[in-house]
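Peer 1: Structure below; questions to follow.
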Amino acid sequence: MMQENDHDIEKQGFENLAYEYGSQTELCPPPKAASRAAFKLQRITSEHEVHIIQTRICSLNGIIAVTWSVPNSLAKVDYDASVIPTKEIALELQTLGYSVESVVQIRVDGMHCQSCVRSIQGQIGELQGVSHIQVSLQDKAALIVFQPLLVTHEELRDKIEDMGFDTDLLSEDPSVEDLSFWQKKEVDASTQTVTILIGGMTCSSCVQTIEGRISQMTGVRFIAVSLEAEKGTITFDPYLTEPEQLRAAIEDMGFDASLKEPIKSVQSHEKSQPVSFGLSDMSTNRPVVSNGTGSQAPSASSPEIKAQKCFICVTGMTCASCVSNIERNLLKHRGILSVLVSLMAGKAEVKYDSHVLDATAVTELIKDLGFGAKVIEDNAVAHGKLDLTITGMTCASCVHNIESKLNLTRGILMASVALATNKAQVEFDPEVLGPRDIIKLIQGLGFEARLEQAGFKNNLDHKEEIRQWKNTFLLSLVFGLPVMGLMIYMMVMDNLHQEHGGSMPTEQNVLPGLSILNLLFFVLCTPVQIFGGRYFYIQAYRSLKHRTANMDVLIVLATSIAYIYSCVVLIVAMAEQASQSPVTFFDTPPMLFVFIALGRWLEHIAKSKTSEALAKLMSLQATDATVVTLGSDKSIISEEQVLVELVQRGDIVKVVPGGKFPVDGKVIEGNSMADESLITGEPMPVSKKVGSLVIAGSINAHGALLVEATHVGTETTLSQIVKLVEEAQTSKAPIQQFADRLSGYFVPFIVIVSLLTLIVWLAIGFVNFDIVKENFPGYNQSISKAEVIVRFAFQASITVLSIACPCSLGLATPTAVMVGTGVGAQNGILIKGGEPLEMAHKISVVMFDKTGTITNGVPRVTRVLVLWEVARMPLRKILAVVGTAEASSEHPLGIAVAKYCKQELGSDVLGCCQDFQAVPGCGISCRVSSVEHLLLQPSEERFLLPGATIEESSILPAGESTSAAEGLFYSVLIGNREWMRRNGHHIGADVDAAMSSHETKGQTAILVAIDGVLCAMLAIADTVKAESALAVHTLNTMGIEVVMMTGDNRRTAKAIAAQVGIRKVFAEVLPSHKVAKVQELQKRGLRVAMVGDGVNDSPALARADVGIAIGTGTDVAIEAADIVLIRNDLLDVVASIELSKKTVRRIRINFVFALFYNLVGIPIAAGVFMPVGLVLQPWMGSAAMAASSVSVVLSSLLLKM
């Protein structure tokens, strides 16, 4: 019967439709292949010992063969796993007196980010018997070195599976040679030799310097440098370093270094015993499983791509064409893997192959395209890289002193100091020491050192662009206003005095063919064309150089054609000594530049408003901190004011009233309130006492606090929020990607339309001059027919160039996304990019995890029922005794009970507990004393009534008086029904009914017996969050289906769902099956949002259309999600969907604005509507173009309302 049940359970566990229970494959499994295990044995000194061990191991049943490496004390054992387990082999080795280690490689599916890697490494690394673990996200593998007598590889695999990942044992013998843990003692360690040509050596001191420095590098086995031959020969381990790193290291020392000769491999040999059959050792072709990076070992024969990411601040972008230009041109270069450019954030995210080029080279490529570019250093200090400026150095001896001191200090991996630039580069282990320690070391030598500042402006700060465009606008306006006045004068004079030559009578000519008016136009137009348009010409030239066209090209075409045409016709008239000066277009460039510069100025002002939320977040960061040293009694011995970048984990920081918290940390002394509104969106101040966590950037209210730093620099909550919002604003919504592609084709299309307009109007004019004559403003018969036709055609063509604006099209989405994500961040909703922001409004199903999402995630006491009829014991006394008893328990329910009792009693100090015994699955028993101080309430008010007594014992029956004698012991039993029955207690029907009523609601009921009397029942449950029911109701009213999914039992799940109003429940769902449930809903055509908080939710969060993580959840869940709710408030799920709807609606309105200007403006400019009298001048077109961009940005800003 038991066997049948096991089969049923196993059968239920499979959800694979292709699996058929009782199939032939299951009934007749194929024979198992030989397994292989690698054992590392300590203290083997001779081959005689090897012979004894081998003889002993080979005598075991199931052993097939043994391979030995004597120098490395490594044994590879081939065995039949169905006959003998690994543990038995390890036990046999240990009985011979050797300590044993083994290794296993496990395939891990379901990892999505570095948090998954860290989570696995953290939890598995803490297991007893695990001495080393490496996890690779790229290779989806975990490599674990363990003691096989303490833990087995099956247990390790099961433990990873329990965390919500799918696992599979790849091999009993993974590539041991790939383990850095055994790297120096490995069996098949293949070394390589490279010759590097070195120039610039002058003496033997140079030789010694190179040999000394390079020999200390990781992986270098041997180095010999020849001064005469000007070369160095280096033998190295290819798994730990590579020729290019060695060459770069020599070059960093100030010498010329180049790789000219081929790399030679040197293979060590393994002493092997004969093996009947063996698994081929392909370690040289296997990728190195590294800690989370997944990078592969460099190989001379087949170099692997080593992807790295850098962020670059890009200046000079004006429209979506610029974005398209950068992305398209960068991707043409070898080594560039992907490019993502944000117009609004002024930032490019570039993934590149570090074997081919570096971040600096990527920056140069962007500069070649005509844009300003600078690498944004991302978290260098946190990764153990430090750039310092050192003053006070005078000679090479100073450099040597500093380098020697730093290189001899524990935790410093590399130090390089340059005398010429007064700069130092230091690589260090952040776990051992920090930047402040390094600066103090240098200062101790008599030099001054400080952190090198980034030296470039914040890419969200538009002040420089605002200033530039303001100046350009004012310059254009100075010359544009007189031009506008002359235009009005010319139109009035042409209408009033047409018969006398209009605005340019022949008697007012300065020279034949040159009127005073045209001379003034030329004088006013030329400075604007040269100085006002300089920026446009530079950008247009750079754009055309790379065979692309942007907005600047259109502007330059329009103004240049107008200016050159005017100059040519004026020169021709003067050469021919014409009596009448020709009509020119000198008025067009100043007017165009006035409106374009005004538009760009207003646009940048509006852009700075869109990034206001993020700028406000960034401004929250404190600039310095007061680090204190404490004595044994927590008294402050010394204080030091340091830059916030120099605060290290573990430092004690003093925060005065009104000051900002410089780092995330834990309060160790003091009481205060903190204003966290700008970070969490919570308007009320939060109480801070000993043990409370504080957030960097929040403001301390009225009490001084001492805080222990737990997260510093870029690891703080504030820095992570800023980074998330920045990355969100860099990413693109799908609708924006379409707009960018459209903008790429827009400029060539407009140039073609402009040329067609010119050709068509020339043809129409020469075929039917009357049409042109009717629509030509201020037509003068004295002007030749050909001149009128050409001027009219040019005017229409230039107006088309002026009015066309891809800027508004390109700004439609990113401005709305930036404002939307900024508004979300201010309200505690972090949206990771345009795609989830756009997707959230399409959601039709919201799937909630139960524990920690719908509920609080921790058990709490919901009811205390005192059985007064059975035991006349006051509630306070019961709580004092129960709290003291459960304070010794490690069970989650016991911890919840103890916490509740402490809160109710108002005391952190309880009584004494002795003879504590916990029986798993039943309960606890113990003896409790010293609870008398808890029985009196601190602020007890007593009312004396006539004839009433104030002694509690007086109202109790005789023999039940409460004793207050010192040292009184209470015998306590706490547990379930079975525990009480086992200890001789009868449970009445009414008590049993009360317990059952709680259990049907998914709560746990426990009984309390004190001194042999059943006196209370406690109900414990993971309580529902206050806002859960309202959030579910609101989502239902919005027409969104709400589903709950949990691994908990069906009864508890239904009880919780009923409390919050959820009708559909998936219970007893394994973490790996949560993804299947999401996919099941998606296959029905539904858009699914998953809301969760734990490691087990991360695969489902990643798989859902929108993953929403609770901010108090695990790092893994937060990294896998698309939206993070900082405040742990489920109503923010509703708010994020509403924000998405409003943002998408605003994007659509922006597109209407942009398309309206272009679809209506271009035909009007081309003269399509001239028959109805609708004619545009070029300056009118430029005004409309400027208005389109500004209106789109202002429209986006309405999201803040």
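Placed from the backbone N, Cα and C atoms, the Cβ positions cover glycine too.
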Peer 1: Among 581-602, 867-888, 999-1020, where does TrEMBL put the label transmembrane segment?
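Peer 2: It is 581-602 that TrEMBL describes as transmembrane segment.
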Peer 1: Have the transmembrane segment (473-492) and the transmembrane segment (581-602) got at least three CB pairs under 8 Å, pairs 6 or more apart in sequence?
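Peer 2: Contact confirmed: at least 3 Cβ pairs fall under 8 Å.
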Peer 1: Using a Cβ-Cβ cut-off of under 8 Å, list the residues of the same chain that are 6+ residues beyond the ends of the transmembrane segment (553-575) and lie near it.
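Peer 2: Distant contacts of the transmembrane segment (553-575): 511-514, 518, 521-522, 525, 529, 533, 536-537, 540, 543-544, 581-582, 584-586, 588-589, 592-593, 596, 747, 750-751, 754, 787, 794, 797-798, 801-802, 804, 1178, 1182.
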Peer 1: For the domain 'HMA' (102-168), jot down how many residues DSSP puts in helix, in strand and in coil.
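Peer 2: Per DSSP, the residues of the domain 'HMA' (102-168) fall into 22 helix, 24 strand, 21 coil.
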Peer 1: Within the domain 'HMA' (102-168), what mean pLDDT does the predicted structure show?
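Peer 2: Mean pLDDT, the domain 'HMA' (102-168): 82.
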Peer 1: Would you list the DSSP helix, strand and coil counts for the residues of the domain 'HMA' (308-374)?
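Peer 2: Its residues divide into 21 helix, 25 strand, 21 coil.
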Peer 1: Sort out for me which stretch, of 35-101, 192-258, 308-374, has the most Cβ pairs below 8 angstroms to the domain 'HMA' (384-450).
Peer 2: 192-258
Peer 1: DSSP on the domain 'HMA' (35-101): how many residues come out helix, how many strand, how many coil?
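Peer 2: Residue counts in helix, strand and coil order: 22 helix, 22 strand, 23 coil.
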Peer 1: Take the transmembrane segment (512-532) and find every residue of the same chain, 6 or more past its ends, with a Cβ under 8 Å from one of its Cβ atoms.
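Peer 2: Residues 472, 475-476, 479-480, 482-483, 486, 489-490, 503-504, 559, 563, 566-567, 570, 572-582, 584, 586-587, 589-590, 593, 597.
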